[in-house]
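A.B. asks: So that we are looking at the same thing, I have put the structure below in structure tokens.
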Amino acid sequence: MRLLTWTFAAYLAAVLVVTLWPSPQSTDAPGWATATLDFLQSLGIPITLPVLEALANVVMFGPFGVLGVPLLRGATARRRGAPLGVWHAAAVVTLAGCALSVAIELTQNLLPGRVPTVQDVVLNTAGALLGAALAAVLVLTVGARRPITG
């Protein structure tokens, strides 16, 4: 559980650096985006910058759900003696991902070169939801395979 906690902390730190680092005033696409677009288009995948940025927002918050569900279940198990239900945990983690995204977007409003959007909140929340759903399915699948002892 300690490794999971540290992994989640490192992930959150990375998200905060990526989303809150002041950006220079520029209308150019970020270097990572143009390099990724060039690579994908060389493979014959027709993708545009807005689509790539939307996918990046979803993917960026996927780990929030994947890591958050087992962390929340572990924390509630230690405090209450029983873990939170897997789908309940997924819902709570999704809402927490949404709250984090709203906080990031509100903070971006104060930073030079950052432009907050409702679209980012929706896409980040979708990423947290997809990650939480994946974690829930994995928990249920692994739990179903464990033999009942007693």
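Keep in mind that glycine also has a Cβ here, set from the backbone N, Cα and C atoms.
Annotations for this protein, taken from TrEMBL, read as follows:
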type	residues	note
DOMAIN	8-137	domain 'VanZ-like'
TRANSMEM	49-72	transmembrane segment
TRANSMEM	84-104	transmembrane segment
TRANSMEM	124-144	transmembrane segment
A.B. asks: Mind checking how the domain 'VanZ-like' (8-137) divides into helix, strand and coil residues in DSSP?
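C.D. replies: Its residues divide into 100 helix, 0 strand, 30 coil.
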A.B. asks: Give me the mean pLDDT over the domain 'VanZ-like' (8-137), rounded to a whole number.
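C.D. replies: 92, rounded to a whole number.
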